[in-house]
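Chemist: I have a structure here, written as structure tokens, and I will follow up with some questions on it.
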């Protein structure tokens, strides 16, 4: 029987007084622990010689295990690439006029890592990075990994209450940020919850509300109570501190925690998904392999990244994947800007582009879109939320992204677990989120019976493998709720799987509408409404109803300049979808309630609609 690779034994994570993980994370390679009743596991030979397919008519699939998982730390991966292609351009930050080769980037990262240790930070300490995309963000991402410090990805839009919550939750010892960006005054926001910073000695902060926070680092301006990032890097430039860094690295393990990614909070308070070097290195490596980066020339390895670095897609699929494959990471702007993204593609001869559906819509809708030279584009990734089929086709045909990959994942899974192959058809890319990634298992469970769902039958998607997080920082109970005894992570997403192993996300289990006993999945209806020529965007929610339990409400945003009526929309539905799926309520809206990271909060939309409809 084949050996199962990549099973993580979850330790309980707790942020006690020592601030370290409450239990060591071990790697289990036992088939006995991977038992799945009623399913015969594929041997490694069977898995490796074919595209991974479901087994026995049931919604279970195991990814290819032909290539070994990588046991290097992030720092070791940077060292390897810097030695292999030292003169190749590694990082371009257009809005800061920064250009670094891999050799130069490694040198700066080593100095920054050494500097962080020199000011008193230690392995396992948490450092929050709070700000938009910048050179400092990439530097801190790599320097913390090099030093064994855990990077906490802090949403740059956080206000005082949100900032206090995440810093307390993980016990941040250090916080790095710019003075301001647009109207976001970072230092002033911090002072609302930490007024002591104004009179503190740099590196010696003592805060009543943030007792763990001792060090505040300003990226770009001298501020009271803070260290300048340039000073920290300079402090790490001495031979003594660089030698100390090198000595410390022998105690780093690929299974050490490296990053805390906060979930977006669409259903409650954010949780800190904790990821290891092992999670991040292997996920980025496998995504690059799925994109076939190993087959590209250096000229074709130029990635435009408008996605935020505080998201997993940006930090893992962007920074880390470029590092693994010697690709050039190009940051077009501090926050997403469709025009700047197009300018970066044209000016920097970009070949790959990452983004969410909203970003791609904005890029395609730029008034001067046709004036940009996008001839060098060949592929990229769309992820973050469901994308309607017509958008997929527009990206492939209009942005020249023939090798577009639709990817699916969650922060808890490092993040990508399903993605297309570049050669998959437009129809396959438009109708699914692709096939299982290597060294990953997926199953879809019947939510009522608790058994494996048959193919093409909706159920909750569960994931197992190397990619599953270490846990939610400081929340062992929520970790146990999310990851069961057999190490299956419950995504909360409702999905189907077909005979070829393609996965389609139907909706969120919490968003499922039960109308008179019928299960209705909002994503299915949203896909349908996107075929209406006047509809720009639509969100479907369930609203309370005394007789049916729930009724369907479609919240439709029309394209600019378009007009229609409720009656016309309902007439469009007749004969095309089942009568019980036709929304009882249709409301035309101009926007949706969003999290600060831009995700639609359906529970708030539901509340708004129930008030609007006087239910």
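Note: Cβ is positioned from N, Cα and C throughout, glycine not excepted.
Pulled from Swiss-Prot, these are the listed features:
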type    : residues                                                   : note
TRANSIT : 1-41                                                       : transit peptide
MOD_RES : 179                                                        : N6-acetyllysine
MOD_RES : 182                                                        : N6-succinyllysine
MOD_RES : 182                                                        : N6-acetyllysine
BINDING : 263, 264, 265, 266, 267, 268, 269, 270, 271, 493, 508, 599 : ATP binding site
MOD_RES : 340                                                        : N6-acetyllysine
MOD_RES : 398                                                        : N6-acetyllysine
MOD_RES : 478                                                        : N6-succinyllysine
MOD_RES : 510                                                        : N6-acetyllysine
MOD_RES : 544                                                        : N6-acetyllysine
MOD_RES : 544                                                        : N6-succinyllysine
MOD_RES : 570                                                        : N6-acetyllysine
MOD_RES : 570                                                        : N6-succinyllysine
MOD_RES : 599                                                        : N6-succinyllysine
Chemist: Between residue 398 (N6-acetyllysine) and residue 508 (ATP binding site), find the distance joining the two CA atoms and give it rounded to the nearest Å.
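Modeler: Answer for this pair: 31 Å between alpha carbons.
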Chemist: Whole-number Å only: compute the distance from the Cα of residue 510 (N6-acetyllysine) to the Cα of residue 269 (ATP binding site).
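Modeler: Answer for this pair: 16 Å between alpha carbons.
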Chemist: Looking at the recorded positions listed here (179, 269, 340), whose Cα lies nearest to that of residue 599 (N6-succinyllysine)?
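Modeler: So, spelling it out, the nearest of the recorded positions is 269.
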Chemist: Out of 340, 570, which of the modified residues has the smallest number of neighbouring Cβ atoms within 10 Å?
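Modeler: Comparing Cβ neighbour counts within 10 Å for the modified residues 340, 570 gives 570.
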Chemist: Going by Cα-Cα distance, which of the recorded positions (263, 271, 508, 544) sits nearest to residue 182 (N6-succinyllysine)?
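Modeler: Ranked by Cα distance from residue 182 (N6-succinyllysine), first place goes to 263.
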Chemist: Other Cβ atoms within 10 Å is the metric here; tell me which of the modified residues 478, 510 scores highest.
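Modeler: Counting Cβ neighbours within 10 Å, the top one is 478.
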Chemist: Just the number: how many Å between the Cα atoms of residue 263 (ATP binding site) and residue 340 (N6-acetyllysine)?
Modeler: 28
Chemist: Within 10 Å of residue 271 (ATP binding site) (Cα-Cα), which of the modified residues 179, 478, 570?
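Modeler: If one measures from the Cα of residue 271 (ATP binding site), the modified residues that come within 10 Å are 478.
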Chemist: Identify, among the modified residues 182, 599, the residue whose Cβ has the fewest other Cβ atoms within 10 Å in this structure.
Modeler: 182
Chemist: For residue 544 (N6-acetyllysine) and residue 508 (ATP binding site), what Cα-Cα distance in Å is obtained after rounding to a whole number?
Modeler: 18
Chemist: Find the one among the recorded positions 269, 340, 478, 508 whose C-alpha lies closest to that of residue 179 (N6-acetyllysine).
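Modeler: It is 340, whose Cα lies nearest.
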Chemist: Looking only at Cβ atoms, how many others are within 10 Å of the one on residue 263 (ATP binding site)?
Modeler: 19
Chemist: To the nearest whole angstrom, what is the C-alpha distance linking residue 269 (ATP binding site) and residue 570 (N6-acetyllysine)?
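Modeler: So the alpha carbons of residue 269 (ATP binding site) and residue 570 (N6-acetyllysine) sit roughly 37 Å from each other.
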Chemist: Go through 179, 544, our modified residues, and report the one whose Cβ sees the most other Cβ atoms within 10 Å.
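Modeler: Highest number of other Cβ atoms within 10 Å: 179.
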